[in-house]
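K.L.:
Can you read through this structure? Questions will come right after.
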Amino acid sequence: MAKPKSPSRRELLTNGVKAAGVTCLAGLALTAYVESASKAEAKALRPPGALPEDDFLAACVRCGLCVRACPYDTLRLAEMGEEAPLGTPFFVARETPCFMCTDVPCAKACPTGALDRDIPNIRKADMGVAVLVGHESCLNYKGITCSICHRVCPIRDEAITLEVQTIKGRRMVIPTVHSDKCTGCGTCEKHCVLGQAAIRVLPRELGLGGRGRNPAGRAV
């Protein structure tokens, strides 16, 4: 059997340069991705007590302690391609909402102050705001009374109320979000009976309209 031919020094150098080039390009791509993600419009829901997004990103060290402290596995660290900058904590309301622990263990676990450890009351948390985005799909707008989002709301009759409205000559019971009371916990979105939730929780700066009104029509 012929002895395998050993690669020449030139081949070794060439392969080494190619590998270094690939590694360099991958590193540049990752750096560009992280930079672009950090500058992207905030779309992720942050843990309770989070600082304003820019301050939060500056203070968060991506340690994951808040994720480990959450007893309901609500929080997770963002992976590449997700809606939050890489390694930062966020949650997806449709999957697992915030259960609004009164002792706020996630915030207390934060070592840098990216989450306010002295948040006085979980009801003062500002994770986002619920918005009725699917008027055409919401059962109430079809004349079918559905009160799921109202019934599951942990601040029922304050954050979400049911109001009788006359729409196109028909009296309907419509869920109405009061943005000054909503914490953005996401329980309403989680339990919406539709395949694609008609009510969604968005970061407050996205969920509120330009004139200080919730897109559903409620004043801030």
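Just so it is clear, glycine is given a Cβ too, placed from its N, Cα and C backbone atoms.
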K.L.:
Please state which member of CYS138, CYS182 Swiss-Prot lists alongside CYS146, CYS149, CYS192 for binding [4Fe-4S] cluster 3.
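P.N.:
Only hit among CYS138, CYS182 in Swiss-Prot's [4Fe-4S] cluster 3 site, alongside CYS146, CYS149, CYS192: CYS138.
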K.L.:
Can you match one of CYS101, CYS110, CYS153 to the [4Fe-4S] cluster 1 site that Swiss-Prot gives for CYS60, CYS63, CYS66?
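P.N.:
For [4Fe-4S] cluster 1, Swiss-Prot names CYS60, CYS63, CYS66; of CYS101, CYS110, CYS153, the listed one is CYS110.
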K.L.:
Using only what Swiss-Prot says about [4Fe-4S] cluster 2 binding by CYS98, CYS101, CYS106, identify which of CYS70, CYS188 is listed for that site too.
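P.N.:
Same [4Fe-4S] cluster 2 site in Swiss-Prot: CYS70.
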K.L.:
To test your reading of the [4Fe-4S] cluster 3 site: which residues beyond CYS138, CYS146, CYS149, CYS192, same chain only, put their Cβ within 8 Å of the Cβ centroid of those residues?
P.N.:
LEU139, ASN140, ILE148, PRO175, CYS188, VAL193, LEU194, ALA197, ALA198, ILE199
K.L.:
Which ones, of the binding-site residues CYS106, CYS182, CYS188, have a Cα no more than 10 Å from the Cα of CYS149 ([4Fe-4S] cluster 3 binding site)?
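P.N.:
Those close enough are CYS188.
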K.L.:
Can you tell me which binding-site residues out of CYS70, CYS98, CYS101, CYS106, CYS138, CYS146 are within 10 A of CYS182 ([4Fe-4S] cluster 4 binding site) by Cα, answering none if there aren't any?
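P.N.:
Of everything listed, nothing lies within 10 Å of CYS182 ([4Fe-4S] cluster 4 binding site) (Cα to Cα).
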K.L.:
Which binding-site residues from the set CYS70, CYS101, CYS138, CYS146 come within 10 angstroms of CYS185 ([4Fe-4S] cluster 4 binding site), judged by C-alpha positions?
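P.N.:
Taking CYS70, CYS101, CYS138, CYS146 one by one, none has a Cα falling within 10 Å of CYS185 ([4Fe-4S] cluster 4 binding site).
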K.L.:
Give, as a single whole number between 0 and 100, the mean pLDDT over the domain '4Fe-4S ferredoxin-type 1' (50-80).
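P.N.:
Residues in the domain '4Fe-4S ferredoxin-type 1' (50-80) carry a mean pLDDT of 97 in this prediction.
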